[in-house]
């Protein structure tokens with residue numbers, strides 16, 4: 001019995017212990033279950049102890065994920081649609097700066113509070129490959145109709161959205177972003193950021209290490225996400241302000257950029273919690289453009305860097321290199337080769353100044369020449385004179401021969417094919433004598449300049465080819481002849497470091513596939529800022545990007561450049577007097593006054609020669625001298641004559657006796673339908689007035705055909721007019737060529753609109769060719785008013801109708817007349833009815849478009865056009 005009682009008590013004790021254990025287990029499990037739930041929704045205090053080196057413990061799902069598959073990006077044009085708050089907004093300008101630096105096409109719209117979206121689709125093709133909102137709230141709060149249209153477009157064409165959240169209040173904000181399953185906190189200060197290495201977004205950016213320190217600004221927005229459809233890209237810790245919301249964990253990591261993977265609604269989005277002032281945000285922005293465009297808007301990861309050291313042997317005492325500086329240059333070159341493949345400093349010398357420093361500096365000169373094979377070399381000018389100051393080629397040749405003789409005496413290679421002019425003088429604006437002398441003495445194939453098309457902004461710098469010399473853009477790096485001491489750097493040493501570490505110099509490398517950097521001898525003596533700059537730049541680029549840095553010899557580099565940018569081969573000449581820097585490095589013997597104030601652009605066979613005769617009758621209007629090679633017309637803007645340069649062009653014009661009252665002009669009737677002429681003309685003479693004459697395009701086509709017959713064109717003699725204009729695509733090439741010259745210039749609206757892309761409407765005068773033929777005095781009064789030329793010339797008294805010739809002529813003294821030559825006003829059989837009917841139908845749509853354009857411009861319809869439009873009804 002006692003045994004049974006003992007067993008019973010033991011059993012009770014065991015049950016109580018088990019029950020107690022179960023209760024404790026339940027309590028512990030409940031505690032950890034609750035803690036786990038809380039950790040998923042609020043970033044716990046433990047997160048503050050986590051560093052970027054231990055990313056797997058961060059409170060986000062950081063496993064590698066796959067975003068929505070992008071659609072075929074070829075279904076859209078490679079153009080970015082950018083919605084900005086205003087055309088002057090700071091963030092909007094930063095966005096445009098990156099797009100322009102990357103040479104991506106874009107279209108700007110002011111983000112509408114209400115109203116219609118721009119047209120998104122044209123002929124079943126999407127107009128935009130990517131949409132960027134400077135203020136993402138304008139996208140989120142869009143009215144439902146336009147939002148559904150935009151989202152439908154994005155889904156159908158696989159178009160992504162990039163947006164920036166801008167806080168409007170000064171206090172810390174916390175709210176749910178409309179339509180998105182996560183919370184955001186605004187107006188925060190953050191620090192210590194790192195990159196999610198699993199983000200599918202990053203390409204240029206390397207997830208390497210923690211970026212310690214405070215991030216710029218106190219207006220940051222951070223995202224608290226807990227959904228597999230959203231992936232953080234960058235994290236940062238929230239700093240602890242006094243008014244920090246209780247829901248924000250102190251020192252916790254939050255996302256400052258998130259990637260909506262498109263799993264929810266089929267649209268991928270990248271949302272930024274701040275502007276682009278922070279360099280890492282700017283880098284991710286570049287990657288986001290590449291990713292969301294299906295890599296159609298992307299640059300290669302290869303970066304070619306050439307570091308020029310100008311002014312070798314030049315410089316006053318105390319600023320030059322000594323032996324230790326030269327040894328440091330060699331050591332650093334070897335060091336840089338570990339990070340920049342084939343890195344070699346490129347030394348530009350002026351032999352006249354050899355051994356003109358202190359004794360130690362002269363020894364430095366000798367040390368350089370003793371290591372001549374370790375570097376690349378290029379000629380500066382012998383005496384460091386600016387080439388534009390030499391007015392004849394022979395003087396330039398003499399200077400170059402002296403420098404070449406020095407090179408040969410000291411074993412400096414003379415076959416690199418590269419040269420740089422002091423202060424970039426003579427390269428652009430072009431000093432032809434420099435190009436010719438370079439070819440004769442050095443056989444130069446490449447040079448570089450920071451002046452084309454202008455020094456600033458640097459992102460607009462381009463290359464071109466002239467006289468078979470390839471001209472590449474040159475970049476500055478913040479080092480000039482006077483920047484030789486670290487502590488005395490303009491703005492303080494931090495300014496140089498900021499440029500290197502995510503600033504201007506860093507992004508020069510990121511955004512330019514090829515960079516030729518200008519430095520100077522003085523940057524490698526004293527504090528050796530040149531070495532400091534490029535060692536630290538290479539380290540920073542390697543640490544934070546996946547870019548592949550390398551160096552090529554100059555000629556190879558130039559060929560690589562024009563492989564990447566073949567559209568830059570043709571130069572675009574500008575007026576040197578419109579840029580003070582250009583004017584300063586342009587010969588004082590030249591003048592911009594010899595550029596025309598207006599152009600008569602054609603088209604051919606509309607009466608342009610008659611207009612020319614009437615214009616030169618005016619005492620204040622002067623024309624170009626005739627060209628013996630192109631039927632008296634200069635034909636500069638539309639032909640290869642353009643590559644002869646502006647000196648060649650201006651030589652056709654006289655120097656005006658009075659710049660204010662004299663009007664220079666030229667007539668080249670082929671300009672009208674030229675693809676290149678409008679852009680070229682607008683670049684060189686942007687304020688020039690443009691005059692065109694329009695007659696019935698059917699009559700113009702027939703007149704051109706007869707003109708070609710009179711010049712014994714084989715196709716015109718062989719085929720009838722109707723056979724020419726109605727020829728099919730399989731017709732002989734010579735017949736198709738004649739057909740094109742007959743018909744295409746008559747597409748009046750298309751050609752005028754091309755000119756209006758580059759010239760404002762008030763600079764364009766459209767003359768009714770039929771009225772010019774019947775009432776030239778009235779037309780010439782209109783022309784004088786349009787040009788603003790004085791004194792007013794009375795054409796009613798100066799013109800007389802020649803009934804024998806059939807057109808108006810200039811009335812001279814004693815009743816004599818001056819008329820157009822025998823080739824003008826030629827009579828020929830009337831056009832056959834079949835051809836007239838064919839052309840009336842062919843030009844119908846073109847004439848309708850012309851009427852719409854003239855109505856839009858507020859210009860009257862010519863009488864012939866009104867007659868043609870009546871046939872349309």
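Every residue, even glycine, has its Cβ placed from backbone N, Cα and C.
Pulled from Swiss-Prot:
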CARBOHYD  146  N-linked glycosylation site
CARBOHYD  226  N-linked glycosylation site
CARBOHYD  342  N-linked glycosylation site
CARBOHYD  392  N-linked glycosylation site
CARBOHYD  658  N-linked glycosylation site
CARBOHYD  794  N-linked glycosylation site
REGION    36-589  region 'Heparan sulfate N-deacetylase 3'
TOPO_DOM  1-13  topological domain 'Cytoplasmic'
TOPO_DOM  35-873  topological domain 'Lumenal'
TRANSMEM  14-34  transmembrane segment
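Feature annotations (Swiss-Prot) mapped to structure.
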residue: 146; record: N-linked glycosylation site; CB count, 10 Å: 15
residue: 226; record: N-linked glycosylation site; CB count, 10 Å: 16
residue: 342; record: N-linked glycosylation site; CB count, 10 Å: 11
residue: 392; record: N-linked glycosylation site; CB count, 10 Å: 9
residue: 658; record: N-linked glycosylation site; CB count, 10 Å: 8
residue: 794; record: N-linked glycosylation site; CB count, 10 Å: 11
Cα-Cα, residue 392 (N-linked glycosylation site) versus residue 794 (N-linked glycosylation site), nearest Å, comes out at 46
Given the glycosylation sites 146, 226, 342, 794, which one's Cα is the least distant from that of residue 658 (N-linked glycosylation site)? 794
Calculate the distance in Å between the alpha carbons (Cα) of residue 794 (N-linked glycosylation site) and residue 146 (N-linked glycosylation site), and round it to a whole number. 59
Taking the Cα atoms as reference points, how far is residue 226 (N-linked glycosylation site) from residue 146 (N-linked glycosylation site) in Å? 29
Report, in whole Å, the straight Cα-to-Cα distance of residue 146 (N-linked glycosylation site) from residue 342 (N-linked glycosylation site). 54
Check residue 146 (N-linked glycosylation site) against DSSP and tell me helix, strand or coil, would you? helix
Check residue 342 (N-linked glycosylation site) against DSSP and tell me helix, strand or coil, would you? coil
Averaging the per-residue pLDDT over the topological domain 'Lumenal' (35-873), what integer do you get? 92
